[in-house]
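Worksheet: the structure to be examined is printed underneath.
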Amino acid sequence: AQLHYSVPEDRETGFPVGDLAKDLGVEVRSLAARNLRLVSEGGQRHFQVDLAAGVLLLDSRLDREALCGQSPTCSLHLQLVMENPLQLHRVEVEVLDVNDNAPQFPKPEVVLEITEVANPGTRLPLEVAEDPDMGSNSISTYELSPSKHFALSINVRGDGVKMPEIVLEKALDREKVPVHHLTLTALDGGNPMKSGTAKVTIHVLDANDNPPVCDPPVSKVLLEENVPVGTLVTKLNVTDLDEGPNGDMEYSFKTSNNAPGKFTKLFSLDARTGEIRTKAPLDYEESSAYEIAVRARDKGSPAMEGHCHLRVELIDINDNSPEIVLTSVSSPVQEDATPGTVIALIGVKDSDSGDNGQVRLQIAKELPFKLVSSFKEHFSLVTSGPLDREKASGYNITVRAVDSGSPQRATQKTFYLRIADVNDNAPNFSSPFDTAHIQENSLPGTSVFSVSASDPDEGSNAKLSYSILDNGMQDVPISTYFRIDQDNGTIYTVRALDYEQDKVFQVPVEVKDAGSPALSSTAVVHVFVLDENDNAPNIVYPSVPKGSAFHQAIPALAEPGYLVTKIVAVDADSGHNAWLSYQLQESAEALPFQVERRSGEIRVAQALRESEDSHRLVVEVRDNGTPSLSASVVIIISPEENSVQDFSKSLDLPQSSPKDTNLTLYLIISLVSISLVSCVMFGLVAARC
């Protein structure tokens, strides 16, 4: 080009581009003559020539970006043709860029996506902003709105184009900020500087980086033990900040393979909703609380899980009666046990808790026992008073346990306590004095009497043995007369008794038990010997040898009633057996004598004849026993002329009188006296006892 001009693109029409006349070296007035004309290359007319001034003017406003695009240089070539002479001049007009365009992004809003688990340093390329201007007026730099997570990085391409990139500087968390809104600004280098912006929306893509979370992680639920099956226990509050499948959860019980939780048999879990319900009856006494572990697993890949811990505490209901446990029972117990002696150890338990498990023990107040608390839930049953087996040989003891629940529940247990005998009672005779009678001459071994004693004790303490004591009251030991069966108390004779020798015996009998120490008591048996007619009358006067006769002389003229003699006889027996009667044995001839039946006096019954021979009388003395025994004496009475002897004077006998003639009366009086003395003695002994 011969001529070179430059013109800013933003000049108005008519703006002088260059002085052609001067630059061509021609005069201005010759330009018209030489017919200067302008020929534009490309057929577009952008310039015109002012022939009057010889200046090249803009014919239209230039737009460098339209003319040259992104070409680094923009020149318009013109041809000037002048005639006379014909000359062709080439003119190059450089269109200078003016910062008349602001940077502009292809899209006003850019949407980007990045996973939340992207590592810091991850780059997100951005579209380059466009600026038709060139040079310093083109894109100079980019700016990014402030962000905690992102920064802007600008790389220069080989062709000099600056490439903006968003760089991740800090780890993302979609659950905190799911979308980031940024503004990207493109700045050119013009003056004044122009800029263009684009909204950058960065969506953080969810990654399964959040496990399900229980709120609260550990919770507690109170539940009555008697709730019906199917009762809702709780609904787990579990959240997962992830979304989509990463946030969808399934619930399951967490158990150990070696020890599966017992709660799985009692509770059910809805895998979708997380509702926990009862599926079996609950029993506080079996377990007062349950620890339930629940696993919440999302459906991400890989799946993540959270854990919830639920403690279900049961509220006790008074649904259990107290239980009485007889730990130990000392049966039998000695009746002489002192007050406070432990009889039984009793335990009580109630599976309920609190007031429902507080138990009181009771026994009947009238029993001689009381309950003493040893320590918690253990009691001792002790004696509270004296025991007497003879009054009560045992006790049915009913122990009643009552809890403090509402309503109260009670149970009772009855056991029998036997009272063991102690030898605290001496044997006791039915009577301290007894009377027995036995015929004399009874055979040895004859049963005389059976004493009877009783002992309210039992066992060996009530096993009685009888014995006869020698009290020295007889000259000969009593054991020589009697013996006693030690088992049944029957008294037997040892030898035949003789009434005439001993009429009454005092037999002291002792009864002794087999206790330790042995106790005893005594009784006296008065054994009266009953007389037996075993003695024949004994004629004491006249005393003549056996086989001889007694000779008695009487006056020959003795009148009737005259006392010839008196037969005196005695009988060792007593009573009827000793009542004697006198009589003459019958003879062939009638005798003039008679014998007084009771007194034994022999008197003249009728007048005697003169020179009458001696008379032989056989006087028989007979007792009143059964069978009757008798004795006789032969008396020869000889009447004599000179015999005037009075019988009463010839004998050393008292005159016959009513008192002397009835020997039986004396015997009766003696027997009565002995009886009275015995009664007085018995009374004194009884008083001492």
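Each Cβ is built from the backbone N, Cα and C atoms, and glycine gets one as well.
Features reported for this protein in TrEMBL:
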DOMAIN    47-105  domain 'Cadherin'
DOMAIN    106-214  domain 'Cadherin'
DOMAIN    215-324  domain 'Cadherin'
DOMAIN    325-429  domain 'Cadherin'
DOMAIN    430-539  domain 'Cadherin'
DOMAIN    546-656  domain 'Cadherin'
TRANSMEM  663-687  transmembrane segment
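Counting only same-chain residues 6+ beyond the ends of the transmembrane segment (663-687), those with a CB under 8 A from a CB of the stretch are 432-433, 503-504, 524, 526, 570, 574-575, 578-580.
By number of Cβ pairs under 8 Å, the domain 'Cadherin' (546-656) is matched best by 430-539 from the list 47-105, 106-214, 325-429, 430-539.
For the domain 'Cadherin' (430-539), the predicted model reports an average pLDDT of 89. Residue counts for the domain 'Cadherin' (546-656) under DSSP (helix as H, G, I; strand as E, B; rest coil) come to 8 helix, 46 strand, 57 coil. Per DSSP, the domain 'Cadherin' (47-105) is made up of 5 helix, 27 strand, 27 coil.
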